[in-house]
Structure formats: C-alpha cells, structure tokens
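Q: I'd like to ask some things about the structure below.
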Amino acid sequence: GIKSPPISRASECAGAPPAGVMVSTPRTAACRPSLGEPKRATSRHHRANSPGGASVDSVEAVTPRRRGASSAPSISVPRHPSRAVPSVRHSRDPRPIGDKAFAAQCARNIVEFLGSRSYGKVSYEKLLKDPSTRDFFEIFRFLMAQIDPHLEIEGRLEDEVPAIMRRLKYPVEVNRSKLQAISGPNTWPQLLAVLDWLVAVVRINEDLIEPLAACELGLTEVADAEHEIADHQLLRSLHENYVLYLSNNDDSRDEERLRQIYEERLAALRGEVDRLQAQHLAMEQRLQEFRGEHQRLLELQREPAGLELEAEKLRSAIQATDAKVQQLEDEISLTEADENAHRTDLDDLHATLQRLTDQVESQAYSKKDIERLKCERGQLRQVRQDLQADIEKVDQDIWELGMKESNWMEAIGRLVRQVNESVEALGGDPAGEGGVADADLRVPSDLQGMTDALVAQDFERLCQSMRGFAVSRAEAVQLEDTALHTVLEEQRAIQEDLSEKEREVRRLKVRFEQLQRMREEHRQWSAEQLDDAQRTAEATEDAVHAVAIGAAVPSLRDAAEVDRLRMELNEERIRFTNERAHLQEQIHRDDERLDAHKQRVVQEIDTYARVTKEMLDDVEAILEDDDPLMQARLASRLGHLGGS
C-alpha cells in the first residue's frame with residue numbers, strides 16, 4: 001500500500017481512528033469545502049469525520065481554527081474586517097476592465113448563468129447600464145451560495161465582501177468605497193468583473209473540483225476512453241489505499257499491481273509511438289507529393305487567368321477597330337453629301353453666269369463705257385468721303401472751342417463771385433480805411449457778352465485798390481496775431497493749472513480708495529474680534545451652564561469670570577461702534593472735500609471752454625477772408641495753436 005500518509009493535517013482535523021475500524025469517505029456533494037464557519041452541528045460533524053476534508057480547500061492555511069481540532073477547515077469571514085491583516089494586493093488587473101465590450105461580455109455571462117440556475121429574470125440592459133446596490137448584493141449572495149451552501153454572511157456586505165474576495169484569492173483588492181458607490185462609471189465595470197470571476201469559480205468548482213474529489217474525473221483531460229478509465233482506476237486505488245492506510249491493513253500488493261498495469265501501458269504506448277512515427281514519415285512523404293501536385297495545379301489555375309487577360313486585350317483591340325471603321329464610314333457619308341451639295345451649287349453658278357453674260361451682251365453700252373463709269377463713281381465716292389471727314393473735323397473743333405469758352409466763362413464767373421463775396425464780407429469796415437471803398441473793389445458781374453468784351457476792360461484800377469486794401473489788412477492781421485499769441489499764452493497757463501488740478505484729483509481718488517480699503521479691513525477685523533468675543537462668551541456660558549448642571553450653586557470664581565468676560569464683550573462692542581462712527585465721519589469729510597474739489601475743477605473747465613470758444617469764433621471770422629497772404633498767416637497761427 002501507500003507507506004507515507006498523504007497529508008498529516010487529516011489526523012489533526014479528524015483524529016486517527018482505532019485499529020480495525022473502517023472509515024468510509026462521505027460523498028463530497030453532501031459536504032463540500034465551506035468558505036465560512038457553518039452554524040449547523042450536522043455540517044461540522046460530517047466535515048470532522050471526512051478524512052479528505054482537510055486537503056480539499058487550497059486556502060485552509062490562512063483559516064483560523066475554532067474550538068481546537070473539532071472545527072472544520074474553511075475560509076472564515078472575520079467579524080471585524082478592519083482588524084484583520086490580510087496580504088494587500090497592489091497588482092493591476094490584467095483583464096481589460098475599462099473596455100465596454102469586456103463589460104458587456106461579463107454582464108452577458110452573468111445573465112446567462114443566472115438564467116440557467118433559475119435565479120429569476122435579470123435584465124441585461126439594467127445590469128449593464130443601471131445597476132443597483134441591492135441587485136449586486138443579491139447576485140453576490142446567490143453565487144456564494146453556489147460555491148458554499150453552508151456559508152452564512154454576518155454583518156454588512158460592504159465589510160464582508162472585501163474579506164471574502166481576499167479569502168478566495170481574488171487577484172485585485174476590492175475596496176469598500178467601490179461597494180458604497182456601485183453606480184459610478186469607473187466602479188461598476190470592476191464589480192461586474194468580480195461577479196464574472198465568481199461565475200467562473202462556480203463553473204470550475206462544479207465541472208472540475210467536485211468530479212475530481214468524487215473520483216468521477218481523470219487527472220488530465222484525455223480523449224482516449226481507456227486512459228480516462230485508467231486515471232479513474234488510479235484515483236480509486238488511491239482512495240482505497242488511503243482507507244486501508246487508515247485501518248492499518250495496507251501492504252504492497254496494490255503497489256505491484258499498479259506498477260504492472262503501468263508497465264504494460266508504457267510498453268503499449270512505446271509501440272503506439274513507433275507506429276505513429278512510421279505513419280508520420282509516410283504522411284510527410286505523401287504531403288510532399290501533394291505539395292508538388294498542388295504547385296502544378298496552381299500553375300494550371302493561373303494559366304486560364306493569363307489567357308483571359310490576352311483575350312480581353314484582343315477584344316478591346318477589336319472594339320477599337322470597329323469604332324474606327326464606323327467613324328470612317330460616317331466621314332465618307334458626310335463627304336459624299338458635301339460633294340453632292342457642291343455639285344448642285346456649281347450647276348447653279350454656271351446657269352447664273354450664262355444669264356449674266358447674255359444680259360451684258362444685250363445692253364446698249366459697251367464694256368469700256370461701263371468700266372469708265374465705274375471708275376468715275378469710285379472717285380466721286382472718295383471725294384464725298386473726304387469732304388464728310390473734313391466737315392466732321394470742323395464740327396469737332398467748333399464743339400471743343402465752345403467747351404473751352406464755357407469753361408473760361410465759368411472760371412471767370414467764379415472769380416468774380418469770389419471777389420464780390422470777399423468785398424461784401426469786408427463791407428463792415430469804414431470807407432475811409434486804406435482809402436478804398438467797397439464799390440471800388442467790386443467787379444461788374446455782367447458776363448452775358450462774348451469773352452472778347454472782357455479783354456477790352458481795364459482792371460488796373462481794381463488792382464491798385466486791392467493792393468492798398470491788402471496792406472491795410474496785413475496791418476490788421478499783425479495786430480490780430482499779437483492778440484492771438486497773448487490768448488495762447490493764457491491758454492497754456494490755464495492748461496498747466498488744469499493738469500495740476502487733474503493730478504490732485506487722481507491723488508485724492510487714490511487716497512479715497514485707500515481709506516475705503518482701510519475701512520473695509522478694519523470692519524472685517526472688528527467683525528472677527530466681535531465673533532471671537534461672542535464665541536468666547538458662548539463657550540463661557542456653556543461652561544457655566546455645565547457647571548451649574550453639575551453643581552447646585554456656581555462658585556464665586558465662575559461668576560467673577562463670567563462678569564469679566566461680559567465686561568470685555570461690552571468694551572469690544574463699544575470700541576467697535578466708536579471706530580465705525582469715526583471711520584464713517586472721516587469718509588463723510590473726505591466725500592465733502594472731493595465734491596468741493598470737483599466743483600472747482602468743473603468751474604475752471606467751463607471757464608476754459610468759454611474762453612476757447614470765444615477764441616475759435618474770432619479765428620473763424622478771420623478765416624472767412626480769401627486773401628492768400630491772410631490764409632497763409634492764419635494757417636501758421638492755427639498750426640501753432642494745434643501744437644500748443
């Protein structure tokens with residue numbers, strides 16, 4: 001038999017049975033490894049009597065035992081998860097948790113599994129897009145019941161689920177915060193992956209672990225039924241040897257029988273391997289032949305394609321030739337039609353020529369007379385065209401001279417009107433000033449006659465009058481220049497004073513803003529002091545009230561402390577009120593000074609505007625004169641005014 005015991009922990013869990021007592025292994029379907037501490041006595045009894053119960057679960061090493069050797073090996077859920085010190089896993093999940101397709105596949109797997117286990121109707125869309133905490137916990141409870149029917153979860157699931165997943169060796173840490181916010185866009189895909197992992201665990205447990213524990217499945221997946229039966233025989237032999245070992249009835253007969261069985265199987269396997277190798281060589285040779293035949297077939301398959309390409313090229317050439325022939329036939333038909341039309345026109349022309357020849361021969365004039373008359377007619381036409389061109393040229397010259405005369409008349413009229421308007425503008429001057437009267441400066445405005453009449457007029461007297469008047473006006477302009485310079489100096493002084501006033505206004509504005517900021521800061525500081533004092537008073541009152549509750553009569557020290565704090569609070573309030581009144585009074589005085597300063601500045605600006613307007617009126621009156629000398633001087637003065 002098997003000499004060494006498979007796992008010594010079996011004796012710790014179940015205890016060594018007495019000699020001569022047969023201990024049968026119960027079916028694992030009735031007592032599977034539990035993930036939690038079972039509460040029923042029957043479950044503990046069955047698991048304690050199972051000799052293989054200690055070796056089924058791979059995670060019993062971290063299981064705390066209760067009540068000595070009588071407790072069943074299981075993954076117990078601690079009552080206080082925060083006190084447990086599990087191994088923290090920081091490895092990232094290798095699965096594509098953030099992929100929507102992966103999340104959809106997880107939800108589909110969960111819905112299919114729950115539907116196959118009669119869990120109830122679960123909506124795929126709701127599970128994927130609109131989850132709830134209740135649905136998650138109910139599905140989790142159902143899956144854990146599939147893994148361990150005897151597991152009873154105590155406490156809140158937000159605390160129990162992370163501990164259970166750690167005991168199940170889940171590759172990623174399940175945080176408690178994820179279970180409190182299940183509907184989050186980054187949380188629910190991770191919890192879906194948890195449920196999908198549990199579904200896979202349930203399926204592995206049912207498809208592999210339980211049949212293997214019940215000796216219903218081989219050690220490996222094999223396709224040969226004979227090998228599978230042999231694996232089952234091995235498991236069954238191990239099971240029987242273990243029972244014999246527990247009853248102290250084991251010997252070496254089973255070992256020799258198994259060795260003989262496996263030696264026969266090894267010999268059969270060697271013969272099978274040799275046969276397969278020979279078959280493999282034959283198949284390799286046939287495969288080479290098939291590959292050569294395949295290459296030849298591929299070449300034959302490619303030949304029709306090449307022939308088809310050549311046929312397609314020939315078809316294209318034939319179609320192009322047919323199109324060219326059709327085009328040539330169309331051109332031939334068009335040429336024949338044109339030839340027939342030209343032949344008809346030629347016959348008509350011959351008939352016309354014959355008719356005209358007969359008509360010329362029947363006329364009274366000879367051919368020379370007709371040629372001479374044609375020459376005379378051509379000469380007369382040329383003479384008429386030359387005369388017509390000369391007439392048009394003369395008319396054009398007359399029209400151009402008329403336009404020039406009209407332009408000169410308009411220019412003379414404009415000059416006469418400008419002179420007369422200038423004289424009328426100067427009509428306010430006394431007649432004796434400069435020895436020239438207004439009537440002497442006027443130009444007669446009767447321009448109805450021809451321009452030759454204007455040439456005969458004498459304007460020498462008017463020129464002399466204008467020279468004298470220009471001299472007198474130059475002296476007046478010089479006086480006006482002197483007055484204008486005086487006004488400009490006064491304007492410059494006013495502008496300097498105004499600049500100083502503006503700087504003072506800006507300084508006062510800055511000062512006003514500083515005072516406002518200081519008032520706001522002081523108000524905030526006072527409010528904070530008042531709040532601190534109020535909080536101190538409230539704390540003191542609470543303390544006094546607590547002391548009053550604890551003792552029947554407050555002490556004199558407490559009463560004195562309360563009075564002192566109340567006095568300090570009143571003093572703070574009075575000081576805050578006085579400071580606020582002082583700041584308000586100071587701000588009011590600053591506002592009054594600012595208003596008075598604004599009024600003075602506005603008055604000075606109004607005075608400056610009035611003086612400037614009067615000066616501009618004088619300048620506009622001077623600008624009405626059209627004398628070139630006056631305009632040049634005024635332009636220089638206006639430039640000086642603009643610069644100042």
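Just so you know, glycine gets a Cβ as well, placed from its N, Cα and C.
The region 'Disordered' annotation in TrEMBL covers 1-97. According to TrEMBL, the domain 'Kinetochore protein Ndc80 CH' annotation covers 87-206. The coiled coil feature in TrEMBL is assigned to 252-338, 370-397, 484-518, 566-600.
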Q: List, by number or range, the same-chain residues at least 6 past the coiled coil (370-397) whose CB is under 8 A from its CB atoms?
A: 363
Q: Averaged across the coiled coil (370-397), what pLDDT does the model get? Just tell me the whole number, please.
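A: Mean pLDDT across the coiled coil (370-397) comes out at 89.
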Q: Helix, strand, coil residue numbers for the domain 'Kinetochore protein Ndc80 CH' (87-206) per DSSP?
A: 73 helix, 0 strand, 47 coil
